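Lifted from TrEMBL, the feature list:
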type	residues	note
COMPBIAS	426-437	compositional bias 'Low complexity'
DOMAIN	132-249	domain 'Rhodanese'
DOMAIN	273-421	domain 'Tyrosine-protein phosphatase'
DOMAIN	341-400	domain 'Tyrosine specific protein phosphatases'
REGION	426-464	region 'Disordered'
């Protein structure tokens, strides 16, 4: 006997759908089997054997039944042959996310640091400086330019005013010693045994109100991590300078002339200052030096770099066509808004041309005090790969009257940061090249290092 499979049309609120249903025999269509095999949204018809049907229909949902109509035929497979799908559990998200700058962990860390930092006012700092002298270390965390305009007597500068250095210090990629702005500052930070270490910025009065990545907070945290006991100067340099101006000094931007000199004497000194030799191939001078053909010939000067806006280059008073000297002018004003750094690369190429050809170059402006010394300092920084302070001292020692304005000093500071970044990139590239070249025969770099160490243990030799 066959199994009767009638067609039943089910009406839903949106559409009609014709479904054939099938149950294999009577004893499999009891309630328990029905709940296990038939989904709640389906219509199940329990048919009988031999063409006899049961009297009732069991509907899992309350739907109306209409007369059979044309509908698409759906092939129903038995449960044994049907595919079964199992829902895989969705991986849960990480229990914790990286801490944000305002997270509780950051606040807790800042609170622990502040608990180990002492407070000191301007009057107390003066007393300790007079009482203990060099045993008191003052750390200035302002910009290099602000530090050189004025700072507490004997203070050292740590340059974390820019975002790059702050990030390096915060992530542990740089230390305070590495960020110190001079060699003397590096030596001072390496020493221990100070009776007092005082850190100050411009004018902060409350540490609780500054962010965790503030230069002041970063330096204090670094000192605490180094097991030091730093103090924070309330009110910063502004308060200390207003109350104890006699205890402040400037180590770099000193006036080129004494305050007792008259303007006429100052002008005479500028005009009469001789041509200055900074490097074997680099000279500094003023506009008169650029007109002295005999003097340039005697010093082997083959190129002249003019950093003025008014003076013609070359001078019309000399027969430059037969001198063989190459001239170049950079039109720059000596004020607080002039952009001199845009000409640094152009000036470097011109100076390098003289060096590589075996000649010499004269860099001059009107008086040889601000614009041309700035170019000379920039070149010395790059040529010798030294800091701005060391380059400044080199040029200052050769020509004591130099005094670049604050605007140019700030541009030199930017150049120093760019040069440091370039040197770091070059070092990283060299290390990567060495790591790529060293492994052989598929061995990793770590394996090569271990093998080298083993070879040294097996056959030790003298080290030089």
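In case you wondered, yes, glycine gets a Cβ from its N, Cα and C as well.
Unlike curated records, TrEMBL annotations are generated automatically.
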Fill in: Per-state residue totals over the domain 'Tyrosine-protein phosphatase' (273-421) - DSSP helix, strand, coil
71 helix, 23 strand, 55 coil
Fill in: Rounded mean pLDDT for the residues that make up the domain 'Rhodanese' (132-249)
90
Fill in: Helix, strand and coil residues within the domain 'Rhodanese' (132-249) as assigned by DSSP
55 helix, 22 strand, 41 coil
